[in-house]
Structures are given as C-alpha cells and as structure tokens.
C-alpha cells in the first residue's frame, strides 16, 4: 500500500499519492444518439396507443369515472360549491345529476378524439423518421440538442446585480522599477520565467487546472474534483497584471468570461477553491476594476456556503458545487475538519461581505473564531483536527507547517486587513505565537532555530518547507507585538529565514526539500526519500521577500536569486517548469507537474523581491495565503463600511 504524502500545495494539506500522480476519468457506456432517438419514438408511440385503447373501450355505467382529484394538489385554495364535497371526491349537486352525466360523456368523447388524433400523428412521425438516413437523423438530433442548449441558456437565472460599492484607491500596482541595472536585469529574468510558464500552459494545458510540462498536456488533482476550472488561469491573473503582461492577462480574462462555470457536478476542496479562486478573482478585480472577476467570485462563494451546514458551523473540507453535499477527508483524524482549512477563510469572506452587502460570509468566519475561543487548548496550542459534528478536538497534533500554518497567518492578517482595528484577532495571534514559542521553537546543536511539531505531548524535531513561511509571518507581525517585542520577532523571522536557506544550501541542486530534520547529527537535511522532493514551493522565497521589505538586508535578494537560478536550471523544461523528486541528486527525475501556485506565489514573490517597495506597499495591501493581494479595509461593528 502506498503511503500518502502531503499534497504538493502551499498552505494546503491534503494527502494524495506521490507527487504528479494522475487521476483517471470515469467512463460510461452509452448508446449512440440516433439509436436512442428511434427507440424513444417507438416507445412514445406504444404508450400513446395503450392510453388510446383504454379510452376506446365501450362506455359502461358500471365503470366509475376515473377521477384523480388533482384539484386538491394544484388549486387547494379554491373552496367546493355549497352542497358539494371538496373537489376530488364525488361531486353531487342536487337537481343536476342527469346534466352532469351528459356533460361527462361529452368530455370523454372529446378526449378520445384528441388522443386518436395525437396517436395517428405520432405514428406518422415515427414512420417518417424511420425512412430517413442515418446522416439526416444525426443532423436532426444535433439541431434538437442545440435548441435545448439555447433554451437552457435563456432560462438561466439572471444573477442579482451586486450593490454598488466604492473601489479602493489602487496604490502601487504598476510601479516597482529599480534604478539599479543589475536588480532590473534580475527582475526582467523573473518576468521571462513567468512568460515561459504561462505560454507553455497556454499552449499545452489551456483550460485545465494545471500543466504536465513534460507530457505537454493538462493535469488536475483531487482538490478540484473532476472539473476543468482553469485553476492556473485564475491563480496567475494578478501576477500577470503586476508584471505588466497585459496581453496574457486579457487572454485569461476572456477565458474566465466565456468558460468559467461553477454549476458543475464536482466535489472540490473548500479551502483550496477559496484561496486560489475566490482570492485570485478578488485580487484581479481590485487590481483591474473588471466587474467579471467580482461577479464570478460571488457566484463561487455562494456554492461554498452549504459546506457550513454542520452541527457546529465548522465547514466540511469538501463540497459538491452542484448538490451542496459536504464531507471530510477520509484520512483526517476521526472525521475531523482541518485547522488550516476552516481557519483560512477570513480574509476572502470579509471582502465578500463588503462587496455583496451579504453579512452571511462575515458571520460564518466570525462564528468559527468565537467557537475556537471557547474551547480548551492543550498547553495553549491549537490541535490540527476538529470534529465538525461534536465540536471536539481530534488527535492532539499541532503544527505551524502542514495542517496548521495558514490559520495563524490569517489571525495576523485579519488584524492588518482591518487597518489594525480587529484587536481580537491580534490578541488571538499573540497568544498562539507565545504558546508556539514555548513548546515548538528550539535551537539545534549547530545553532539553527527551527519550529518542530507537537504530537501527543512529544516534540518532533522536524520542520517542513511549508513551515518556512513563518519567518515572514513573524516579521510582518513584529510591529504591534506586546511588551515591546518587535525587535525580538524581527530577529526570530531572520533566524527562521537563515535555517530555511540552510535547507536549500545543503542540497546538490540548491533547492529545498519538502521536510528536514534536526537530530542524529543531521541538521536541515531530509532523511526519508519521500521528503527529498521540491515541487516549486514558494514559502522560503516568501520569507526572503518579507525580510527584505522590513530590513533591506541585501543577503535576502542574494538568497532569492540563488533560488531563482536553481529553479531555472533544474526545473525548467521545454514545456514549462516541473518539480524534481530528489534535490540531493545531481541527475534528478521530474514529477511532471507545473503547480498553479508556482505562477501565483513563487514567481510573484521573486518578482516583488527585485522590485522597489512602491510595488504593492504593505500599508495598503495584505496578501492571502496564495499570495493574492487584497486591500486593507476599515471595519466597524462587524461590518465592512469603508475601503482605504
């Protein structure tokens, strides 16, 4: 049996088989349309004949009239005449028995005549169809299908217009050019890498969720169900816009306008769809002002709301976009929901309430926060698993990496996005970080600061690539820390950045492994074979960018450029960029997946690293966990009332 590995995603923890594992479509045997059509005609003619025969039987006073009494169902508000039973029973009105019997006979005779005519017409049509050639039948069927499709389009409900809301003053979207020639050259190189990734997807995987760059075809994973939702298109839009790739942006916008449809029978990850699709669409809307992105984001959000229909209000991990039925991952502890999934909705849902005027989105995420505030936390730590039926913690496993990470990130960013007015979020973040420092953060024998994982009272001295985002988080949250600890948290962020750089530097490819240990004489090195892969993840580069913004220490640009060169050298192929299976091998094999987050996050953070601080200033923008920027909001009394 294959041991599941963590899904190769940023801020997302869903087990799957080995990276790049393929999924297979379901097949159903079907009759050819022409045969089905002929069978349907013959069957309808037969049924018509049977009903006609029933009414052609000789009238007999012993036979009671067949009265279905449908009035009871269709028009129950109409009262029966005085002296009569309610419609549906035997109607008896004094002095009118003979007249009624005569009227009934006339009605039945008229009905027989109508059925006879319909029956003859159906038989004639069937004979005419049977005389036609297969090509003629096929053409007729195609015409009928087209007519049905058009009718369905016409019948589709026109969405309610969204309330007019003021657009934010967009700050720092097209700036960022560096005056230093070498920095500008590196920035241009990152833009070229983005164009190669996008053009390859455009050529080989257009409309699919992701790309297989070696096989040169589309790719998808179970987080998107069986649907082709163009995840790479939505995820990449804001990166394209920031980099000035406006023709590519327009191509993506056109695809979304014409093809992005959420009324599909697909079971998707609520978390992934929220951070990639809703986050990506909202960011594209705020950057470009194009209404289509806002409309699509709201349409999708409405499809996610049924996931919250649980006894506790903690959402299911997955929801079917068509039926609204939700469930949790089969591997999760005791049927639990995941902390990093239900705890990573706040930013997007607050913006949805602002844009729609619908308080439901804000209420859903605030309910989650209130519920968590009432719960006991072992050692002040939040376990990664919570049962949505019972409201109880599952396995006591706490991590700032997989399964937990973005929960803490969104507490801090909820405060920042509220223009630092959501003090409840800030206090919750500070308390959580204090417990994490006490129980999870340690120094190795070699002096490397790392964040371990707490499992049933034991600290596992292992750190994941996903955990490396925390260096940037500590730096971002330094200002506003309690007890004048801003300097302490900025230093902690620098130490985490250094440790994660070491995990890159100690490999052959100068790319970081999925996870690395700090025991048995090994430090910042992967031990297991299934932890040696690199799948184009962004977390280390994300931390470099935040540390650069807050310190302007040139080493962060140097480290970022090392990573960019390694990606371009070892992950670039003719059909895009691929992850590699062993960063300690000089001749690695590819996993043949170009992740959508590579365009959304990794390349965006590299581009920002070599741009000036004027591009996307952190005073005006907050990045969601998929690196989609959302503008700072003013909040008042739990409602979104004004944008900066």
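Counting begins at 1 with the first residue displayed.
Placement of Cβ uses the backbone N, Cα and C atoms for every residue, glycine included.
Looking at 103-129, 130-156, 157-183, the range tied to region 'Disordered' in TrEMBL is 157-183.
A 10 Å cutoff on Cβ-Cβ distances gives residue 272 (active site, proton donor) a total of 26 other Cβ atoms nearby, all chains included. Long-range Cβ proximity for residue 500 (disulfide bond), meaning a same-chain Cβ under 8 A and a gap of 6 or more residues, is found for 465, 468, 471, 512, 539, 540, 543. Reported as a whole number, the C-alpha separation between residue 625 (Ca(2+) binding site) and residue 514 (active site, proton donor) equals 18 Å.
Rounded to a whole number, the C-alpha distance linking residue 514 (active site, proton donor) with residue 272 (active site, proton donor) is 20 angstrom.
Between the CA atoms of residue 405 (active site) and residue 272 (active site, proton donor) there is a gap of 14 Å, rounded to the nearest whole number. In the shown protein chains, 25 other C-beta atoms lie within 10 A of the C-beta of residue 539 (active site).
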